[in-house]
Amino acid sequence: MSHQPLSCLTEKEDSPSESTGNGPPHLAHPNLDTFTPEELLQQMKELLTENHQLKEAMKLNNQAMKGRFEELSAWTEKQKEERQFFEIQSKEAKERLMALSHENEKLKEELGKLKGKSERSSEDPTDDSRLPRAEAEQEKDQLRTQVVRLQAEKADLLGIVSELQLKLNSSGSSEDSFVEIRMAEGEAEGSVKEIKHSPGPTRTVSTGTALSKYRSRSADGAKNYFEHEELTVSQLLLCLREGNQKVERLEVALKEAKERVSDFEKKTSNRSEIETQTEGSTEKENDEEKGPETVGSEVEALNLQVTSLFKELQEAHTKLSEAELMKKRLQEKCQALERKNSAIPSELNEKQELVYTNKKLELQVESMLSEIKMEQAKTEDEKSKLTVLQMTHNKLLQEHNNALKTIEELTRKESEKVDRAVLKELSEKLELAEKALASKQLQMDEMKQTIAKQEEDLETMTILRAQMEVYCSDFHAERAAREKIHEEKEQLALQLAVLLKENDAFEDGGRQSLMEMQSRHGARTSDSDQQAYLVQRGAEDRDWRQQRNIPIHSCPKCGEVLPDIDTLQIHVMDCII
């Protein structure tokens, strides 16, 4: 711990003391002449304690303000990230809206092309064409079914559009005229322009309404187009019927003319035969001359009628061929229209899905915008709170500075009025306190050094413990090996004892045999010397055995005697542990 001398009583602006914090600085202070030095010292101590409390309070306040500021900065960063995310989503939605507007323009162009084709087909001449009734009725039925299907799809689209408009009306009433819905069936281009120039959520909602209007209008256009096609087909059928009737009339007239020509030919042949039979009479000849002249004129007239009828037949055949070509063209057009009609529902479904997805995105954007507005309101509230806190902080700083100034003035006045003896006592006390603080500082330094040494010792202890664990593991391994060696030594000692016993038995047997041999073959004197030598040798052997069995290895702690050094070491480690 670091110490501060009491002569330096303040931390800021080199002031000797700080504010009391018990009241505002503008209050009138009591006269210092009425107080004794002891009371003044007590007041000084109180002022110092209050100053210390104020310092702690200011530190806590500053820490709280710092924490609050950090939280606000983190929150603002989060808001920035969310705003960036919302901007990216809005850009994607705008791109999708632009793509949908391009698709709408393409569909408009296709509808214009179809209308031009229908007008061209209606302008073609269909005066002298005809079709069979069965095929015409089938085509009429097909066109009627297509018209009914398109009307049903139109009704579905109108229902969807009405639901969307109701939803938009409800959302528009809740958001205070942020949404504008145009119910008039104007042109789609005007709605798209309004979408492009409208800001914020109005643009997103008007796009959905414009698309729904365009869809409904495209369905109406398709219906009108098919009605126009049906009218043109009915007109062509009427023209074909009239052409058929004319052809039938011409065929009947041709048949009648042919019959008349055949009758006249028969008459001429009959008259020629009569002329050959009756050549005598002149009167008859004159009559016959008059008759062929009239017949020739009639034949010429009939030939002229036949040629005119042939010309009319040829014209009728050419008109029939043209009508058949027109029929083929109309059939091809009908097939193309059927293909387009079969492709229109899938396109309508895709467009409906796009409208639904666009609507969902619009609703998401609206919800995000509302959330952003709420967050902006929260940020504004928190900014206002932060400004209030800053104002209070500034006021507290001003009060603190004023208190410091008043304390400086008080300390100056007190320092002028306090006696020299009191000052000496205070200086002595200050010196003693400084010395005590210095001694405590020295003690603290020594304690720090001892703590550092103890930490080093702890580190060495951890190292020593690790070494001890290694040594213990090695020792246990050596102990197990020594136990095995001890067991082997015990077995060898047992074997040696058995061998020694056998050796003693052999030696005793050898002595006895020697004694017997000496008793048998040697003199008695020599026997006595030999016996003495043998007795002496046996005594030496016994002494050597006794010396060998003397216990040398004993434990210094418990005094237990052990046969060898290895077992003694194992026993000593067990006793010590």
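Note that Cβ sites are derived from N, Cα and C of the backbone, with glycine treated the same way.
If you look up Swiss-Prot, you'll see 186-197 (among others) marked as compositional bias 'Basic and acidic residues'.
Summarising the annotation, Swiss-Prot assigns compositional bias 'Basic and acidic residues' to 261-274 (among others).
According to Swiss-Prot, the feature compositional bias 'Basic and acidic residues' maps to 281-292 (among others).
According to Swiss-Prot, the phosphoserine annotation covers Ser177 (among others), on the basis of experimental evidence.
Under the heading phosphoserine, Swiss-Prot lists Ser198 (among others).
Here Swiss-Prot flags Ser342 (among others) as phosphoserine. Secondary structure at Ser342 (phosphoserine), taken from DSSP and collapsed to helix, strand or coil, is helix. All protein chains shown were included, and the count of other CB atoms within 10 Å of the CB of Ser342 (phosphoserine) stands at 10.
If you look up Swiss-Prot, you'll see Ser526 (among others) marked as phosphoserine.
Marked as region 'Interaction with HD' by Swiss-Prot: 411-577.
In the predicted model, the region 'Interaction with MYO6' (412-520) shows an average pLDDT of 85. The region 'Interaction with MYO6' annotation in Swiss-Prot covers 412-520 and rests on experimental evidence.
DSSP labels the residues of the region 'Interaction with MYO6' (412-520) in these numbers: 107 helix, 0 strand, 2 coil.
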